[in-house]
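Taking it in order: structure first as structure tokens, then the write-up.
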Amino acid sequence: MSHPAVQNIAKLALKGSIRVQIRKSSLALTLVSQQSRFMSSKPNYEGHIPLNRFETALLTLGSAFVALTNPRRGDMVAALGETTAGPTVSWLRDRMLASAEGRKILKDRPRVNSTTVDMDALARLPDGSLGKAYVTWLERCGVTPDTREPVHYIDDPELAYVMQRYRECHDFYHCICNLPVNVESELAVKYFEFANLGLPMTGLAALFGPLRLTPQKRARLFSEYVPWALKCGGTARSLITVYWEERWEQNVDDIKKELGLWDPPEARWSKPLSEAKQAAEKRAQNQRAQV
């Protein structure tokens, strides 16, 4: 028998009640998590929620509905990414196993958040380094690496980590491609990720996301960003195999050349680069003062 919470998601989606769906989806996921503890299938890792095929299908429909109507719902976007991953995540794991750098990632299983990454140390690195570029990008976009949802619905622990790794490295793709956090740039990155990694969720986002753009922005997306994303993403090295944390001191331009990346058309930023650099430098100065 399927979870009542998962059934509830499907019913809401079929009714088309957007307001009720958005309010109750978080509660539904919580109920699924709690009730899964009583299933015959035991969790394979911390946070794992085992589901049968029928429950997975219902959760896919519900999460797709909410993700399309409210893309800011990171929990629903994450659930959709996991339930639609299919064999793609296994293929990504195989790509990592075929690379010395990728194998080291699978062995070490590094995590990317403000606890595991010393942002102050990155701010002290020289201009042009990946670490300095990353912390400057975070300051410029006003985001933090602590917002990525944990994986719940992928059964194999190693494959679950591969999906988690993809999520936590998403900002690196923005950073190294010099793209901000807005709808237009996010869709450009999704097209890039689909060409480079092949995850179905990125393809769904690329397919339906442009509907949220104005006609002018949509025209620019398809005339400028999509050609870049498909060609660059399709020819570049698979970025899931890159151990970014061991490259903090490496020059960004050298990394791009090594990975086969080139810049997209110039994006529109809400904060000037000079302000972000000043904020990063202030962080470094404060850290030196404390020492």
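Each Cβ is built from the backbone N, Cα and C atoms, and glycine gets one as well.
Remember, TrEMBL labels are computer predictions, not curated facts.
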Stated TrEMBL location of region 'Disordered', expressed as one of 92-116, 242-266, 267-291: 267-291
Among His170, His174, the most crowded of the binding-site residues [Cβ within 10 Å]: His174
For the Zn(2+) site built from His170, Asp171, His174, Glu186, further residues of that chain with CB within 8 A of the site's CB center: Phe172, Tyr173, Cys175, Leu179, Val181, Val189
